[in-house]
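Reviewing the structure listed below.
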């Protein structure tokens, strides 16, 4: 195979790979806890896995809490594991209105200046001083995925949600690249409802890097 033919073949294969569906994950409200906060809310209770998530090593735990805000509460909010360095609560805009909390749109881990909330478990309660956010929609990628899609960590792209009658394009979708990540787009329940992404046939495709 000559060089030109090889380059043409590789280019064609990469184009096909860029057009492949991106798995879509709908993130319901959930919490991440530090080891210290977990021990206070679930004293003597080892964290236990209920369901593995697509991202390696991550899982939904059996443990749940109630979120209590100035105007309302949300029960049975799932803990995601493993435990983190800092506690964090991720909710939708609809959840924020229910709770009466002005949660800002942030990337996971960007918690400076965020509001707090009360967490109640079957064993104890804990007032977080900060950590409540509405998560920025994003796509997890491995370095190889990023190379194929020609994007880099921190880029913003436009993504189409397809496979249903309510095709919708989301702009400002953040790219998150890490060696331990698998290709998956994360949106919250408000975004999923708007896009009709509750359909099992729904998937994401990259429209254009921005």
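Even glycines carry a Cβ here, placed using N, Cα and C.
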According to Swiss-Prot, 30, 32 bind Zn(2+) 1, and the residue from 49, 90, 125 that belongs to that same site is 90
Between residue 138 (Zn(2+) 2 binding site) and residue 193 (CoA binding site), the C-alpha gap once rounded to whole angstrom: 17
Of the binding-site residues 78, 84, 193, the one whose Cα sits nearest to the Cα of residue 186 (Zn(2+) 2 binding site) is 193
Out of 84, 90, 140, point to the one nearest residue 28 (CoA binding site) in space (Cα versus Cα); all of them are binding-site residues in the record. 90
Neighbour count first, Cβ atoms within 10 Å, every protein chain included; then name which of 71, 78, 140 tops the list of binding-site residues. 140
